[in-house]
Amino acid sequence: MVVASEIAKVASKTARDIAGCFTCQCGTQFDNVERIVQHFKECRYRDETCKDDDIVVYEPSSFVQDEKKDKPIIVEAASEATSEEACNSSKERQLPALSALSALSTLTTSANDDLWTARLIWQSTNDTKLDNSPSSNYTDLNHKLANYGLSILSIHALMCVECECLLNVIHTAQHMQIVHKLELNEDLLWFQELRTLKLKSPTNVLQTHSSQTHVYPYIRGLPVLLNGYECVPCTKNGTGFVHAIMDTFRHHVRRTHGKVIKLENCIRRTALQTVKNKYAQRCQFFKVDYVPLNGGEEEEEEEGEEKEDAQNIKERMVDFCFSKFMEKNQQRREQQDKGENKKRQDDVDQATDNNTNTILEDDEKDNDEEEEEEIVNAREKNLLNQQFNWTAIVKKLGENWDQLVRFEYTNGIVTLDTIVNQLIRYYYRGFRHLSGMTMGMRRMFTQGGSYSAQERGLCRLEQKDTVVRYAQSAALYLIFLLRRPSADSGIRRHLEAMCGATVERKEGGSNSSSNISNVANFDSAEDDNDNDNDNDRDSNNNNNNNNTNTDDDDKLAYLELHEALKLAFLQQYDFSKNVQDLEIMEFLACMSLHKDGTSKYAYEISACFAPLIYTCRLVAACELQRLIDEKQIDLLSIPSFQTAGSIAYAHVFCFITLGQRNLYDVLYETQKVVRDIIRTEGYANTLQGLSPSTVLFQPRSNSMYPCIGDAFNNMVRLDLSELTALYEGMFAKVQDLLKELCFDMNVEKLLPISLLRSIGDDINNSKLGYSFFKESIEIRSSHSVLLRTILKNSELCHRFFPSMSKKDLTKLFGGVSDQQRNECDNYSNHYNDNSNDNDNDVFLKLHWSKSAIKKYETKASIFNELLFCLVYISAGQPARAQEMVYWTLRNGKYKTRELYLMFGRLMIYSRYDKTRNMKFAEKPIPRFLSEPLSILALRYYVLVRPLEALMKYVTTADRSKVAVYLDFMFVIAGERLQRDLPYRIFPKATYQCIQKPLGFRNYRHIAHYFKEKNIEEEMTRESYFDLQAGHTRNTALYIYGRTMDNLHYLPSDYFANFFRASYKWQELLQIRDNPTHGLLVETKHPFIKRVDQLEEALNEKLARLVGEQMVEGDKEKDKTNEEKNKDEVKAEMTQPVVNQDSHDLQDQLATTPTAPTAFHYRPGLLQPSQTSVQHCCWALSQYYGLEAKFRSLKQFQSVYFSLLNRMNLITVLPTGGGKSLSFLIPALIEKKRQTPGKVMNMVTLVLVPMMSLRQDMMLRVNEKGLLVCSGNWTAFKDVRLTLETQLPDLFILTYESALTNSGLRFFESLATLGRLARVVIDEAHLLLTSGAWRTALSRASRLSGLYAPLHLLSATFPRQLEMVARQTFCTNFYVLRETSTARENIFYFLHPYDNTEFLLDLRTLMKRTKVFEGDGRAIIFCRTKKDVEYIHRRLHQSDLFAHTHVTIYTGDVSDEERQMNFDAFRNANGKTRIMIATKAFGLGINYMGVRLVVHYGLPASSMDYVQETGRAGRDGKYAIAALFYEKYDSTWSSYVEDSMKNFLNDNTMCVRSFLASEMDGECVCCASFANCVYCSRCSDSLLGEESTVSTMYGVKPTLPETPKPAIATHSRYNASFSSSPPPQPGNSSGMSAMNTNTTSTTPVSLSELSEITLFPSSVSPTWKKSFGNANTNLKYGLEDMSLSHRRGHKRTYDEHLNNVQQGVNHDMNRVHGSVGGMSGIVGIGIGIGDGDGDGDVDSRTIHFAEYKSRVQAVKKQWVDSTDISAQLERFFRVYKDECLSCTLGNPDTEIRAHTGKACPVRLSTCYKCGKADHNLRECKLRIRFQGLCLFCGLTKFEHADSDMAYTSDCRSWARKANLISLVYYAWNNVQYRRTIADKFLQGDVRD
């Protein structure tokens, strides 16, 4: 046999097919043929008898020819019997071996360097017995080789068990290092000694054991080619096909299975046996079922029963030994945590030593390590330097200022380490004091802070690391004071005494660590119900008894340190002293600058405050406890603790009170400034949202992961469906890995999914080492399953124990069984000697294969990486990396576990201490895994983790290495997941799955965006999604920040809400097989119910409508038109709005006419129904008494039109104008109209923006008791809705709670039943303009789909918003607007802000408006919460308001506290007269007694200004609206609108003129009103003096006193029409301000109305008498509306929009009370044709027509996004049988029916450019389509689910239509190129 010929043969056969590298029989590997040739010259195993001339090989030409025929190249050695003549005759075809190989190299390398390389490994099969006989010389050597996965066979050859191949003994070391990556180090010499063994090489084995017969189904002893291929379909069919050459295998698949099955679905790697066929001159391949050898000699077969008994004994012993192994690990962990006090002290000292030199770096990492790349924020540094002037402070300290904050300090006996250790002890003593305090007392240490409303008080620190870090920071400040020459000498004296006591205690021989353990024992697990720490307590008590001599020393050290801390932290400063001269500011300056004097980042500076503030509070708490212990104070004096002059105040609370210029106050105020400067970096520059399901994100630049696919300006496009694909891809990989790790065993049967719901978990159990794994017998008994499987399976046993036979294993475990039996007989000797545990450990006696363990550990590491990514993606809002790396499986000494079981899922309950800020407590956040991921993770932790721990133990023989597998959730390469690995793992995993490098930080931002756009939370203040993400709701809407909550004092539904949040996120990701089993969350219902159910409901509703009598209107109806309209609406409602999965429905929607087909009703010229007018007046009397009258015509029209339920309205009335009556009166009338026992009440839906407005409105409705209202619709979502279901009359809800998917479905069902009367949106301008409700606005258009009219209410609705409303709600509105927004009774006062005079001006204004008298109140509006606190503090400290109570109202205050403050403010008999609030209080709050509204700072917009000033003077009396502004706000402020800036800068502009032009589009001023209080711009008086105003303008500053009306009694008139005075009370010819003496508010019945005059002067029974003719109307200020609408005049919605855009005066379209031009009869009714009387047209027919138009408009919105694609698809379907290339090439010609490939226009032309002189590869046309499917040209969203997008098997309609080819052809056509270039390429027509 010739070595060179074998090399050539293998190379030629496998050159094109087998991937990998070629391995010579000597063990050397190659990656190209040149190296093989060079190696052949030097290889020592080259056959000496072989010469180059003896090698025969085909010529290169023959090689190429044979390659085309798919025949393997035959290279064989020349026979020894070959004659010389034969050789000479074939010389032309014979080449030397080296030349042949060179030719082969030239040919194959030029084709593809990667296709020819191969790896051939030789293996010995199961007849090669392991030479382990006792008489063998290799017995001991084999035991040692087994550790490396090597074995010497009986054929005297060396085999690698892991690779299953034969090795050359000389190259064994290289093989282990290169292939298995093992570090030999000291064993390298031992491997070199192996060369002396006389073992056979692979070539010698081949020569000895090869066969020459014809066919061999299985030959024992022949080599095996491991990288062979098996055909899966053929194997299933029973025929079977295997081969080693990929090309041959590929031809077989195409020839046998065609193109239906993909190649990757057919191929399977397998081990093949190669047999030389003598006659065919080629190798044949056979599949090998490898069965490892069991022993050196053939074993005698045992009897069945004996063999079964031996197997049972072995399994029982394996289980017993494994349980013993796990128990020893647990015992060692408990001993390490509990008993080893000295080790714990060493850990503390070591942590101190390690952290003292790197605290700044650690703080930097702790605060921002999760940020992948920090960007230098120069602006932030400049703001800090400008605010604090750090550079000037450190300049005073000298050039060596940086030495003052060094961590190395030793001065006599005072050392930094001693101070830190004693501070740790001090903290734990302080924690003990805190635990004895009551909640109220602990809260006293946090009062006055910005978070005081939410804090539960000063709390202990949870984590030991946090205690050490805080102690280091406090110690560093003490050292800084010691280095300062001006420091208090008492601090040094006390610290020296403390250190002296510490040294004396150590010299006395006492164990200081025991005392620390006693103090820190409080930090151990709490609620120890199992008494697991009793022994520790006893030992601690014994230690205390033995160390009684050191108690005095400990107490002395504590007292001395306490005194030093008091001098350092409990300090007060004089207000005259400059803050920059304080020691604490000098310390902060040194900590905040680099050595070169530049400022650090703001987050680095912010990290310094929490430890110092907390220490200051804790020292104060310890001082308070000292006073209590010394009985200087008692707990009965707590109310006087914060009273100046008390002992507690003088010694404790004066040092932690804000505004007292103490250290605490300085730290707090400085921290607030830093926080104001700090803003968490937004993601607008790295993330752009395109749609609710699509984003563009900017990945981190990395050459390893190039961007593939949709990329725009370095930003990558990501769709929500890709996240689903990412999860599914990762989950499939994890499933396969788990199957491999479990050796293909049936884990579903062993650990079924029902186990998740059957296992118990005691969440409150904090016992050391506890986890829910201990609660289940199934789990405990499953730990050893994989080990038993290895020992039972021969192949696995041979893989992991290659040098041990079954007989050896049975003998080993049998000996353990005998030993156990003996120990049971002699119980006294049962494991008394623990020192021999390692020697007697049975697992260490097994000869494990290190390479097999290494391979298993690698797979497990990959599994952990993918599991980490899956948890990060699917558990809800993503956690931070620093959280996840520390997640544990069981309770530890200082940290409880994070993995729990709840609701049948794995719950991760993480605690993250990064954002302590002013709370100082860990804030746990629950996250729930999906059910499939939960059971997969559970199976891994139960089955695989114990085996990993055992393997780690047998490789290291160190039990301490095992703890990481039993403690942490994610273990990579035998270690806990490191902090930097998530940023490398996640991009790699995502790139492998979706080819997009999604970074760790990218996904956090993307998940937040998708949540905001796609998931609606039915809550107002807090979202559990935001809590999972680690920030509040307000932060989520504006910036991306961090806050969390705490475990203690949580509500009972806390976990349920988080479970709901996680489930909704998993539902958004479309995770399969994720049921809730009826817990908490209902399954997501479809948008439209089943057609048959809807048909039944519609039939019932239509039957009721047909049989019901009309209450008002014309009795004669056109029944034919009515039935036609009803049938059309019924057909529309039975169809879903949109279904993206149905192409037919898209065709239907796209062809639906978008313009409304039905007529639009408009206000006509008819008289209103007198019955309806009587009902309106009766309802008004029920609310406000018999003499109450409507305030204005517009108010009455709003009520009347709302009652008719025929139109969509926009009502714009001034604040206090009675807008609420527009739905309260109709609701009351409808309630009285209902027939008892038949149809139940109608429901009115009212939407409000704020919780405060909802509470105020509900309070007012409930006080009257006329209607039933509810603020929570969810109480009725489980009720089956029928016509008889009892429901509230009003649903008053916030935008967020109503505009959700579930909420809209509920009200859609009400509308389908015909029980939804109207939808009212209060403060509608906020919904359309404010960004806080952007998510609700995205769903607002669905309100138009409800079968009910829309009614928008607002006091500030600019005219430009009318178009926005029409576009948002897809319908037309009729506008009712008062003539002026500005109020006549308000004095608008503008004044620049002066800090020194502000309080005096405020008091003067309060006196002028008589706020201090009666029920007068004042409101101060501020822009931010910071300003609210500032004003509150100034008023509290000022003597001017000493007897005035002040309260606050902000968004972050709890609901209970806000309600309490509001009740105190509106209490007429209360003392609270001033409310300081943000804009949240300026929306709809109704309190009549507000006399003064003050703006501290400029409002953001004119709408805000009108809303907030509208709180004043709502009873019609004199009031002042004062605006104090700064020049900066009017010039540079970015949040103030330009219109407000221009208004402030123009001192000549009247306030009412500005408001009228902004809100009403009119030009008026103060002089235009007949009776109003002039503004400060129109008056010479600065503060509105009475004499000045009365003298100059004849107007009294206080309007005439009127009794408090129920609704309002004055009216405004536009003086531009007439200068005559308004009509006086009693005159029925106008609508004047009436003095309505409300004598009775008792509701009256309809029968009593006959005795009472029901009609107000503004609405009389005779309309002609009330209004007169047009001239009368003009006289009294009524608009001439004769041109607005005439009979039969109709215009479509599109015409109306065109008129608006052309500037047509569309006041006529917004006014609905009109004057008859010819007859002079005024009508405020509704008419659309001829007729008269009460409703000349059927209202229900009109309603159906309007509803149909709105439904069509809503559908049009859904269709617009896919309109182009739908049109193209329909076009191609119509012309699918005709050639479109002919059409584009010559539109005038007739389209001929032929395929595109046969088109004569495109025949033999380039695919791209259409030219015939080159092919596609040579085309120079550079146009490419990015982000599209390369096979069809569609985007991912335009594909159907079954299209198999972005694959070669794409089945979309565009591929069938050859869309891409058609687009290229259109580009090459001159007629279309310009159009395409102008639309998409900015006019660029170049190729």
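Cβ coordinates are placed from backbone N, Cα and C, and glycine is handled just like the others.
Pulled from Swiss-Prot, these are the features on record:
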type     : residues             : note
REGION   : 329-372              : region 'Disordered'
COMPBIAS : 329-347              : compositional bias 'Basic and acidic residues'
COMPBIAS : 360-372              : compositional bias 'Acidic residues'
REGION   : 504-552              : region 'Disordered'
COMPBIAS : 524-533              : compositional bias 'Acidic residues'
REGION   : 1110-1135            : region 'Disordered'
COMPBIAS : 1112-1131            : compositional bias 'Basic and acidic residues'
DOMAIN   : 1200-1375            : domain 'Helicase ATP-binding'
BINDING  : 1213-1220, 1240-1247 : ATP binding site
DOMAIN   : 1401-1559            : domain 'Helicase C-terminal'
REGION   : 1613-1643            : region 'Disordered'
ZN_FING  : 1804-1821            : zinc finger
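Annotated features taken from Swiss-Prot, shown on the structure.
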residue : record           : contacts (Cβ under 8 Å, 6+ apart)
L1213   : ATP binding site : S1192, K1194, Q1195, S1198, K1219, L1353, A1355, L1376, E1378
T1215   : ATP binding site : A1355, R1383, V1506, Q1507, T1509, G1510, R1511, R1514
M1242   : ATP binding site : A1227, E1230, K1231, Q1234, D1289, R1315, L1316, A1317
T1244   : ATP binding site : F1223, P1226, A1227, D1289, L1290, F1291, A1317, R1318, V1320
V1246   : ATP binding site : F1223, M1257, L1290, F1291, I1292, L1293, V1320, D1322
For K1219 (ATP binding site), name the DSSP secondary structure in the helix/strand/coil scheme.
coil
Lowest local Cβ density (other Cβ within 10 Å) among binding-site residues: G1217, K1219:
K1219
Need the DSSP three-state call for L1213 (ATP binding site) to compare against my parser.
coil
